Amino acid sequence: MEKLILVKYAPEIFLKGLNRNKFEKRLRDNIGKKLEGIKIEFIHDSGRYFIKTNEINESIKRLSNVFGVSEVAVVDVVEIDMDSIKKSSLEKLIEAEGKTFKVSTNRANKNFEGNSTDISRDIGAYILSNYNDEMNVDVKTPDILINVEIRNKNAYVWSNKDITKGVAGLPYGMNGSTMLMLSGGIDSPVAGYLMAKRGVELNCVYYHSHPYTSERAKDKVKDLAKILASYTEKINLYVVPFTEIQMAILDKCREDELTIIMRRFMMRVACKIAEEKGIQSVTSGESIGQVASQTMEGLIVSNDCADRPVFRPLIAMDKTDIMDIARKIETYETSILPYEDCCTIFVPKHPKTKPRVDSIREEEKKLNIDELVRKAIDEMENIVY
């Protein structure tokens, strides 16, 4: 029996009205890129993508990480007649394990005789008559759900055991671009993932403080960028030398304002690279109140030097929720490796938690801001994943 991979869109794509075709086209393009190297045939049928391939397992593994895909399933392709549909449904039930079942039918082909409820009832009766072991119907919480779709050329049958959940969201690249300030911690990779899930193209900037931070710390961030790139088409990682900026701040500025001034330089560098690379926004992994620099006042002061939108998708999330997502997207184990990043050195004993914009601006007059930012960007390294 022929088998295809059914790719279901995330439900949100159906709500895009006149723009739906653009989202569908981008999703198909992204699927094609994700399955590069695998011989496939696309079949598009009214809100469904079917994929024909001999490499089903590898294809499903890749498809489950495509933003805009809610789920994928291996389906049996059967002729449009009740006998074939019934037999395939029974085979699917035998393959699965459970004591209760339900049949759900979608009669997309309105020329097919009967309605969806009657068809499901007939298939269920056939299963009960022909299944050897004890089996009961449960329409609310069945162990096995047999799905039947009857379309114009074929019918498709699969069970809930054949389904692999996707990441959903919107097709990658549909909603502009952002520069993620990527550290080696838990939060920023999750922030980047959530932005990419909303269709935002991801670029990353990492601030490296050699020799105070080791090459292992840099390697950790590179590994995090690779993991994020497994969900996207590609990622540019900009590695910015940050030691000279930090030393200048340490030498000339008040100790209790070191952290917030450092954060402002990070923001300036991210915005400047974004400007030069045509990137529309900046993204940070900050969460309100999580550390001393992430108070409301601290975030306001950080934003003061930004020349484009700054997104903080974790802003109201608890640390435990962030950690759960990190585990799910497989960045957690890398993030907790014990290598310090530039944010963990030169930390004042008593950082200011309620900085004022006018006070910080006055303190920054001691520094040659434009020269420090320009030199750091001129010496940065660009790595593509």
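Keep in mind that glycine also has a Cβ here, set from the backbone N, Cα and C atoms.
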Candidate from GLY169, GLY173, GLY285 that Swiss-Prot assigns to the same ATP site as MET181, LEU182, TYR206, TYR207, ARG263, GLN294: GLY285
Number of helical, extended and coil residues in the domain 'THUMP' (57-161), per DSSP: 38 helix, 32 strand, 35 coil
Reduced DSSP assignment, GLN294 (ATP binding site): helix
DSSP-derived class (H/G/I helix, E/B strand, else coil) of MET181 (ATP binding site): strand
ARG263 (ATP binding site): tally of other CB atoms within 10 A of its CB: 22
